[in-house]
């Protein structure tokens, strides 16, 4: 059995390494040849996962054909805004009915498409079998083999059971959920809430504020999710509540760090000069316009959007949230 992992960021490298350590024939596609050579020659990904030596059994290449040819499973771990273009470039290397597991978190800008829609549209004619992997995970902690649980959203029971077995280890527990739409949306929207929580912490607003943002964040997830066909109950699970709590409270969260710096007075363009992929920045824009299109009220998302893209003062945004019309929970 061969597994092709597309994307060698921190999360892609961690998942590929986890699979290789378990004994699976795992091939990692690395976009930059220089980084690919480093991984091959030293066993380290110094750019995205510098603290961990990778399994000597992990194979990597910058040639997508070499990585994908003959693969039984395809794990997609590229930034959400680049998934469509990556699949367009690589479509020729997918077989018919490929087993595709997506671990990218986000909503596509301009189209408002979740990752499942991007995959189905990009691989039209190939009839992919689709699953989405999400949940409360920091790459660093999984690489350190700290106990971790995530969820696989998949409507195909056979594929769900296969992937669950492939990924499960003594330190990584995989649950399944047929609601892949809810699983993927939870993993995307929580990044917006993490930015909001980071800003609140940067403003020294305290634990009460953070708890309110997390709780009302779940409400926003559920409202948008139901409007897009997801089950509200999914957002109380690992990809919703679990991931939301982790990214709103954990210092390893890149989205929370962006919010923290904004709350401390830094400007977004300064923050983005750092080499960190904070999916929530683009996802905020995508979800803001998607919610307008669907007529779904997302007050936290709206204020985060105004801070990021209209230079609104974070403290003023929080005050505006608190002074909205009073209503039932």
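Along the chain as shown, residues are numbered 1 onward.
Cβ atoms here come from the backbone N, Cα and C positions, even for glycine.
Given the structure is predicted, the values throughout are model-derived calculations rather than measurements.
Features of the protein shown, as given by Swiss-Prot:
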| type | residues | note |
| --- | --- | --- |
| BINDING | 11, 31, 105, 139, 254, 277, 279 | NADPH binding site |
| BINDING | 105, 135, 137, 190, 243, 253, 254, 255 | sn-glycerol 3-phosphate binding site |
| ACT_SITE | 190 | active site, proton acceptor |
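Annotated features, which come from Swiss-Prot, shown on the structure.
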residue	record	DSSP class
11	NADPH binding site	helix
31	NADPH binding site	coil
105	NADPH binding site	coil
135	sn-glycerol 3-phosphate binding site	coil
190	sn-glycerol 3-phosphate binding site	helix
253	sn-glycerol 3-phosphate binding site	coil
279	NADPH binding site	helix
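Taking all protein chains in view, 33 other C-beta atoms sit within 10 angstroms of the C-beta of residue 190 (sn-glycerol 3-phosphate binding site). The two recorded residues residue 135 (sn-glycerol 3-phosphate binding site) and residue 279 (NADPH binding site) have their Cα atoms spaced 15 Å from each other. Of 137, 190, 243, 253, all annotated as binding-site residues, the residue with the shortest Cα distance to residue 11 (NADPH binding site) is 137. Within the same chain, residues at least 6 positions away in sequence whose Cβ sits under 8 Å from that of residue 279 (NADPH binding site) are 79, 80, 105, 106, 188, 191, 255. Among 105, 135, 137, 190, 243, 253, 254, 255, the residues given in the record as binding sn-glycerol 3-phosphate, the maximal Cα to Cα distance rounds to 15 Å. Around residue 255 (sn-glycerol 3-phosphate binding site), taking its Cβ as the centre, 27 other Cβ atoms fall within 10 Å, counting all chains.
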